[in-house]
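See structure below.
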Amino acid sequence: MALSLSGDEEEYDSESEQQRVANRPKPKIGPTTSAVKMPSSRSSSGARRRRTRCRKCEACLRNECGECHFCRDMKKFGGPGRMKQSCIMRQCIAPVLPHTAVCLVCKEAGKEDTLGEEDDKFNLMLMECSICNEIVHPNCLKVSDASGVVNDELPNCWECPKCNHAGKSGKQKRGPGFKYASNLPGSLLREQKPVKEEADVSSAIKRRPDREETPRFRPEEPLHRQLPLLSPCSLSRPRPEDKLRKKRKLFDDDEDEEDVGMRKKERSDEPYLSKFLHQIKKEEEEDGRYEDENDRGREHLFRIAAERKGHFGDMEQCNDDFKNELLSQFIKTPVGDSDQSHCSSPQAGPSSEAGSETQEKGSRPKARHKRRLPHRELSRELSKALNQDIQKSDDCLDTENRQPIKVEPEMENEESKRFFRKAIELGDQRSHLKSKEMNGTPWELRHFYPSQITPLGFNRSTPTNRPAPPQSPPKCIQMERHVIRPPPISPPPDRLPLKDGRTHVIQREVWMKIFGHLAHQELCVCMRICKTWNRWCCDKRLWTTIDLSRCTSVTPLMLSGIIRRQPLSLDLSWTNISKKQLSWLINRLPGMEGSSLRVLKLSGCSWAAVSALCSSSCPLLRTLDVQWVEGLKDAQMRDLLSPPTDNRPGQLDNRCKLRNVQDLRLAGLDITDTSLRLISQQMPLLSSLDLSYCNHINDQSVNLLTAAGTTTRDSLTEINLSVCNRVTDHSLNFFKRCGSICQIDLRFCKQVTKTACERFIAEMSVSVPFRLQEEKLLQKAS
DNA sequence: CTTAACGTTCTG
DNA sequence: CAGAACGTTAAG
């Protein structure tokens, strides 16, 4: 595929009729109405109105990138202009009905603007049925009892009462106007498979699709869903076989046992919190069911804040006043600040997950938002991402997907680790269900790893017996449809807008200091508070390291979360990330202005995925971890180290893509001297090299790395050759040539003797003092 | 009218 | 099936 692509590109300029004819014989039929005529599958009714840009969303406001596939096709960028597609970065997040669209019944346009009343707006706005394509005002429908199902994913889109009533739902879930599907190269959007089981949904809820509306702060649902995750109750990793059963329950029943854990936790909360919570309770008379959990959610936030108040030493506000500020924030901000649906894409308001739980009765044709099982919820989350400028998708990344992003350094304590393990398992669950549906065999069960696999921890005696790296996920795992937004264009506000139009006294930077003390999952909670917090908490300073390792299912949502946070370090080890996903990611972690990815960990991924590095340039990458990548051998290493294949003509970069790598981890790979030769030629800055468990590495390899004239000879400071059984005592002699070497790890090298190590130390002692840190682990004595 | 690009079909 | 192509629509 890549080949044919590049072939195409070479011919781009020579746009000629013959070529076109050669490539694609002109259709014999005359001017068909290809864009209009409906496929036979399309059911009934009117010709569909083509949707058009909202012109307000972030994507619409962006300029063409000039680099994507479609830009390169454009005439203005020197392309042939055949594809006629919008720039990938500009694909509208919420395509709207054309201005000329009118109601089928009354022949009038949307009238929602004429009303202030939120609740009635819905009935006056044009709604397009994704099944029959009819565009009507819900108000104009005479159907009294039937209810339409609002499609969260697209403004003004629903399954009209007629179709819904006729049981036609499901087939055309995608709805019109959704070009963001798998047919877009570079798009991560996937067609969503209809969810079969519709496990009940006791509550038929009226959704408010009104994009103009401003969902009020209703943390209940988010928090409600999030809380279980927050509970750091110790839960040991269940056996994979158990997972299915157990997690099925989690999804079937919102009130799962983890929630209970949460409850336990809060009992220990501080008195001022309960007092405060009492106050909140008064504010919320509705939502009986969620009230409790809502409180718990807030309470948890306060607990976090309270627990950490000891860390605020460097802050002026770190006193009681501040505490009060912090607390009051939770009351004030949400109301005013999260009045947010009309961020940059008013048309594309959030799918208002908040609010969807709220019963609103009385309006005539009721639109119902079916509550579905995880798939549906996920989809809702996705649609939020689609429709909201500043949205909460990021927490979904952590909560909806139950796959928290975590910070390595912060994960010191066991409890947190267990917590995350648990969270990850929850994440697995989703894919469990999906894979089960699709293949009959849960993917995770087929690819279950011991929780800790490290070169030395994993099966020392038989390093060749490595764990099978995850395969590409089954399609179904990637089905979510999702538009990924780069970070917002406008800078986030410096102060929190309050309900009364004023702003909060504390400045962003001060908040940032507070946020800096929170763990990633806590930040995710904060992101649900309001729009402003959402943006603040997404600040890349808070997310320099993102660790998604061992998340068995990498979802588009997670990818978007990563992009939004622009981490410097990204760990995707032992994930099932696909080539397309990785490639997409790399291209969106810009290699410029200091905001690029410096550390990329892909150990245990498939070569298919890792090969994404071949076609992209990541000149600023400092650390590359490709340990235990199945299928990564010499030939693949050559591809990795050769110049990128995906450069635009004229911008060809002939330098090695990984020329700035200083830390290269190749443990467990079947590479030979061929690769090492390349490495020593192409990576002049290489300082740390991990070749442990590489069975083909021998003394000659070491000789290569340390030979006269190679840059590695002087740049290498650390080398790991542990469990390289072909390496012998002789290698130690080669290391004497290395000017900067500080650590040589030869542990478990059968052919390396302790005597030789001691001799090495003795001989080196004249110039550089070394010592044996452990048997066969030589370290420079500092 | 021109330009952008949607939503479909065609193709490998 | 993904990607390319293109007729046609929407907007200005």
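Cβ atoms are placed via backbone N, Cα and C, with glycine included.
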### Task
Write down the single range among A:1-47, A:424-470 that appears in TrEMBL as region 'Disordered'.
A:1-47
#### Entry: Per-state residue totals over the domain 'PHD-type' (A:100-166) - DSSP helix, strand, coil
18 helix, 11 strand, 38 coil
### Message
Could you tell me the mean pLDDT the prediction assigns to the domain 'CXXC-type' (A:47-93)?
### Response
83
## Note on the structure
In DSSP terms, the domain 'CXXC-type' (A:47-93) comprises 15 helix, 1 strand, 31 coil
